[in-house]
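**Q** First, the structure itself, so that you have it in front of you.
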Amino acid sequence: MEVTTEPPKTQIDEASSHRNLSFSTPIAGDPSSDKLPFFRHRSRQIKRDTWLVSVFVLLQIVAFAVTMGVNDCSRNSNDHCAARLLGRFSFQPLSENPMLGPSASTFQHMGGLYWNALVEKHEIWRVLTSPWLHSGLFHLLINLGSLIFVGIFMEQRYGPLRIAVIYFLSGIVGSLFAVLFVRNIPSICSGAAFFGLIGAMLSALARNWNLYTSKVSALVIIITISTVNFLIGFLPYIDNFANIGGFISGFVLGLVLLFTPQLRQDPPPPHKGKLFEDDMRSSTRLKEMFDRPVLRIVCLVLFCGILAGVLIAACWGVNLNRYCNWCRYVDCVPTRKWSCSDMTTSCEAMVSDAQLTLTCMANGKFRIFPYTNISQARTQDLCTLVCT
């Protein structure tokens, strides 16, 4: 019987066998080999500090705390407040502000938008202050939660400089767009800058559509976040027109600034030099394909035109509500608690036995309040509450 003996394996053969077991060649023509998920796992995301979003969150929290301190419900409303244990930082009654926040006169004092201040007093600086105000605690928490989710993703992907430009310019354009529909009811535009980031995220997804996997899931997430924040805009004091203007501005700026997708690449192992070189060429081709200077120039001109248009219209005091009777319902849904009509309220005040009786001159409604020593601005707040 013949015995067959195998030749002993050398070190070279063993190493070659080991390489064959661990080496995998991508399937030719497979388009998914050059793609990456839009919302990547944290371990695969680009490692970058998100200090910019942290600064934005801190500034908005400080601005809300200062607003509540200026509001001082315990003194200005004779302790007729919600969450009275907070003292100076307690909230206005829910019938006046369902979002747990300050009064309308406080919004006016802190830089909110309203028609008389912008047109008659020419206080255009309110365009810069209104994006930092929030209608109440609920609005602040929802806005910051959305900002943290979207902002961290965008800052890690594209860096703080471009995200800061989109955030600030979207807030300004959104506020200017809101001025075109502003009424005598004070409104705030804190959602404009956030919707700018949402618009920029959507433009980045649309422009790099062929680069990403799970595109439909990413689109659903973007639409869901936008819808939730837009629905909140129907509540009092929150301006949905600012959200629309910020979204348009962010979308256009995204096409201008977010032109280079950041692709994570690991260093090549020693035995994969040729394959890694092919992958690098493929990534370079993708970047060159997405880097369209003509599109960026056209979008930059378009953004400058939008900014100039809304700025000139705001300075001239253009009021689009005169030409669009239904536009106010984009920003407000009338209920029994508040009205969407832009009426000038006036009340007759009568003081007796430490009580204040306000009677609305428009509809004859009246209400008795158990205090008298309040400011004129606070009296106007209560008058508006009675008349609506």
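Note that Cβ sites are derived from N, Cα and C of the backbone, with glycine treated the same way.
Any TrEMBL annotation is an automated prediction that lacks curation.
Below are the features I grabbed from TrEMBL:
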DOMAIN    122-258  domain 'Peptidase S54 rhomboid'
REGION    1-28  region 'Disordered'
TRANSMEM  50-70  transmembrane segment
TRANSMEM  132-154  transmembrane segment
TRANSMEM  161-179  transmembrane segment
TRANSMEM  185-206  transmembrane segment
TRANSMEM  218-238  transmembrane segment
TRANSMEM  244-263  transmembrane segment
TRANSMEM  294-319  transmembrane segment
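Surface or core, plus neighbours and distances: that's what I need for these features.
**A** Residues 88-89, 91, 101-102, 106, 109-110, 132-134, 137, 140, 143-144, 147-148, 151-152, 155-156, 160, 163-164, 167, 190 of the same chain sit 6 or more residues outside the transmembrane segment (50-70) yet have a Cβ under 8 Å from a Cβ within it.
Below 8 angstroms of C-beta separation, residues 39, 50, 52-53, 56-57, 59-61, 63-64, 67, 91, 97-102, 107, 110-112, 163, 167, 188-191, 194, 197-198, 200-201, 225, 228-229, 232, 235-238 of the same chain, each at least six residues beyond the ends of the transmembrane segment (132-154), sit close to that stretch.
Same-chain residues lying 6 or more positions outside the transmembrane segment (185-206) and placing a CB less than 8 Å from one of its CB atoms are 38, 60, 104, 107-108, 112-114, 130-135, 139, 143, 146-147, 150-151, 153-154, 157-158, 163, 166-171, 173-175, 177-178, 212, 215, 218-219, 222, 225-226, 229, 232-233, 236-240, 242-255, 257-258, 261, 331, 342.
Counting residues 6+ beyond its ends, the transmembrane segment (294-319) has Cβ neighbours under 8 Å at 115, 118-119, 124, 127, 169, 172-173, 176-177, 179-182, 245, 248-249, 252-253, 255-256, 259 in the same chain.
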**Q** Cβ under 8 Å, sequence separation of at least 6 from the ends of the transmembrane segment (161-179): give me the contacting residues as numbers and ranges.
**A** 52-53, 56, 113, 118, 126-128, 130-131, 151, 154-155, 187, 189, 191-193, 195-197, 199-200, 239, 241-250, 253-254, 257-258, 303, 306-307, 310-311, 313-314
